[in-house]
Structure formats: structure tokens, C-alpha cells
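Pulled from Swiss-Prot:
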- GLY170, ASP171, ARG172, GLN173, THR174, GLY175, LYS176, THR177: ATP binding site (BINDING)
- SER363: site 'Required for activity' (SITE)
Amino acid sequence: MVTIRADEISNIIRERIEQYNREVKIVNTGTVLQVGDGIARIHGLDEVMAGELVEFEEGTIGIALNLESNNVGVVLMGDGLLIQEGSSVKATGRIAQIPVSEAYLGRVINALAKPIDGRGEISASEFRLIESAAPGIISRRSVYEPLQTGLIAIDSMIPIGRGQRELIIGDRQTGKTAVATDTILNQQGQNVICVYVAIGQKASSVAQVVTTLQERGAMEYTIVVAETADSPATLQYLAPYTGAALAEYFMYRERHTLIIYDDLSKQAQAYRQMSLLLRRPPGREAYLGDVFYLHSRLLERAAKLSSSLGEGSMTALPIVETQSGDVSAYIPTNVISITDGQIFLSADLFNSGIRPAINVGISVSRVGSAAQIKAMKQVAGKLKLELAQFAELEAFAQFASDLDKATQNQLARGQRLRELLKQSQSAPLTVEEQIMTIYTGTNGYLDSLEVGQVRKFLVELRTYLKTNKPQFQEIISSTKTFTEEAEALLKEAIQEQMDRFILQEQA
């Protein structure tokens, strides 16, 4: 018979008591009262924070936006088709954040920073909050470096600087996305990281942009954040903040970044949809009262950082769509008041064959010539004035029958200047080529040509100058100034090319 030893048993019990680890885990949970239209009403979750992520039983993630006395309004980051009434929900204790790293370059991701290009997972060890505070006044410095778009009309008359926010506004189908993608293409070799955020676009349009960037080798320094028209409203609302978080990651690492939001009208509509479903009180045009804050907190994150923070920059090009050219609608006026200027694209100009269809008269850059190199300031000074005078004269000339010689000459010059501003899509020009083009037009060298010959002559002149006078490009790129030597070289090239061109045309 086995003897029971009391001391041995008591030792075992004592050891077990000592090893016992009393760990109390408190989980903030709730129950689904109602779900539908991308919104869930939750009972419980008493200690949830505004904007906190919550996790449903079947794995869907949501954001707690409405904290009411008897329930919590949660917007779903997914379709939520498997969520049932009565199922449990738990608070995660986290605010929305995404992984960030250099590995995102060249990839297409969604608003949750998950890859959607079928090229596997993206490795990242660092995380960044989707919504973070914008740099303060002391953290910034004034904008002084140019960000070249490659479009003559913009770089000469509506210059954009690194750290600026410049709105691109116009009706649908006026070339807003084309201006943005051309700007990305022109950053090749400029050491600028680009982030293109597509909000509520057709999947085919996004695919077309990605294909263009891949063909031109621009995806190497670009990240595309895409939430197409069939995505839940929550993800369309979050996409711009995800893009901004990625751009900020590079900005704080002393890099220059360019971010394009295409377009913020769709983000505002997604936010309106969410707000109305959450039964928040609607305001003007049924948008929520804080729709201004929606865009201001996003665009204020663009900045030129001070030298103590490494002088990185984040330049924002938000796009807003207007209805029949009405810039006085709610969202356009909001974004105009937040940004440092706007590029207005006109449907009338687009339809009359002037592309890019930039209305120079009402487009403005509030940074101005501070964002231009000295050489560009020297040649582009009188271009805007001459074009403004031409537009006024042209309107007057429609009613006047007989015009004096000076007026006729001014009209002829204006037509040629307007012609030199035309550019094909995906064909950005270097700053040296732009300076050469503007100088040729404003100094009357094109006056002897027919309007239809202007573009052909300029294309040939660019090739001739590059081949036969490479010193011109070297002087501009090294000194950033339009020196007398550069001017002499350019005059020679124009004269030689003009003689060749006239002989060709006569042949």
C-alpha cells in the first residue's frame, strides 16, 4: 500500500501557489445592435476613444467615429457582410496606423497600406499614425526651392515651390490628372519621392496612370495609393491620410516629396455619405459642418521643414472637380482658401485645342517668383503681362473692324505666345528648354512664322540647341542664371535654326 506523505504534498501545493501568476486582462467589449450601409451601431465599448480601431468577431476592422450616450457609431473598413446582430466587438486600444518603409516605392497599395498589385507582401518595421499633427510654425521655413512640373505655363507664370500646396481645379475631362502625372514624370532624377492618391476613381483610370508611370520609369520613385469607386466610403475617406503618412515618413528623413490627391471632391462625398449614415447634422450642400477641417488638417501637413529638422519637404497638389466651371461651390472655395494658389483648367480652352488648358488669367501662385530660379525670372517676367494684354485685346478685336498696325502686331505676338505654351501629354520640358522657348517667343523671333509653324520650329530648335550648343544647358544648370554668354549662344542658335527652317519650308 502506498504511503501518503503529507509534507511532500504540502511542498507541491506551496510550489504551485508560488508559481501561480494572477494576470487580470480587461477587454473593452460591446455588442452589435445594428449593421448596414457600412455603419454599425454598438452597445457597450464604454471606454472607447474617438477614432479608435475596433475589431468585430469575424475579423472586420472599424473606426469608432460617433460616441453617443447609449451606443457607439462605427464605420466599417470592409464590406462587413458576415457581421451579425448580437455578435461581439472589442476595442483594440489603437488609433489607425500604417506600416511605412522604403519598400513601398514602386508599389500600388490600398488605404490600409496593403499591396494590391499582386507582387507580394511589403516588409516594414516602422509604423506611423494615419492622422498626425502638422508641423508647427517653428518647424517650418518659407518656400524657396522650385519644384519643376515640366509644363511651361506653370513653371513660368504659376511657379510651384517645394513645400507649397497648389490646387488643380477644373471641370471633368479638362486634363487635371494629366497635369499631375506630367509633374511626377518630370521629377525623374530630381531626388523627389512621389505619392499619387487615387480616390473614388475608375479602376481603369488608375491602371492607365500606373501603366504610364511604369513605361516612363517613374514608378521607381512613386507610391500609388488607390481606393477605386467600388471601395467602401470609409477607405475612400482614409486614402489621402494614408498617402500623407507615407509622404511624411520620407519628409522627416530629409527627403523631398510630392503628393497628389486625385481628387478631394470624391473624398468629401465619401465623408458626407459616412456622416449622413451616422446621423450627424448636415450643413451646406448636405456636407457636415467640419468638412473644412477634413481638408485643412490634411493639406496643412504639407510643409518645407526648417534646417533643424533636416530641410525635407512635402509638396501637395490637391485636385478638385468643379461643375460647369463653378468655383464658388462649397468644396472648391474651401480648398482654394486652404491652399497657396490654384491652377484653373478651363473646359472652353481644352475644347478649343489649347492643352494644357490652363487659364493663366485666374490661376495664381501665392509663393510666386520665390519658387523660380533666377534665369526663369529673367525671361518669364513679361510673359504673363503680355498674355493678359493679349486676352483683353482679343476680346476687344472681335467687335472692332479696323485695327492699327501696333494692335495687329500685339495680337499676332499673343497668338504665337499662346502657341508656345501648348504641350503634348507626358512630354515635360527641362527648365533649360523652357527658358529657351519663352525667350524665343517674348523677343519676337516667332513673329515671322505662321502660327501653325511655331511648334514644329520650337521642337527643331530644342534638338539643334542640345546638339550644337550644349554649353547653353551647362551654363543655366550650373549658374541658375541667364548670363550674357547664354543669351549670345541662344541668339546664335535661333538665327541658325531659323535660316535652316525657312530653307526647309521653301524646299
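Any Cβ shown, glycine's included, is placed from N, Cα and C.
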SER363 (site 'Required for activity') versus binding-site residues GLY170, ASP171, GLN173, GLY175, THR177 - nearest by Cα: GLY170
ARG172 (ATP binding site), number of other Cβ atoms within 10 Å: 11
Sorted by sequence, non-GLY170, ASP171, ARG172, GLN173, THR174, GLY175, LYS176, THR177 residues with Cβ within 8 Å of centre, ATP: GLU321, LEU345, ALA347, PHE350, ALA357
Sparsest-packed of the listed binding-site residues (GLN173, THR177) - C-beta count within 10 angstroms: GLN173
For LYS176 (ATP binding site), nearby residues of its own chain (Cβ under 8 Å, 6 or more apart in sequence): ILE168, ILE169, GLY170, ASP262, ASP263, ILE319, GLU321, LEU345
For GLY170 (ATP binding site), the number of other Cβ atoms found within 10 Å of its own Cβ: 27
Neighbour tally for SER363 (site 'Required for activity'), based on other Cβ positions within 10 Å of its Cβ: 22
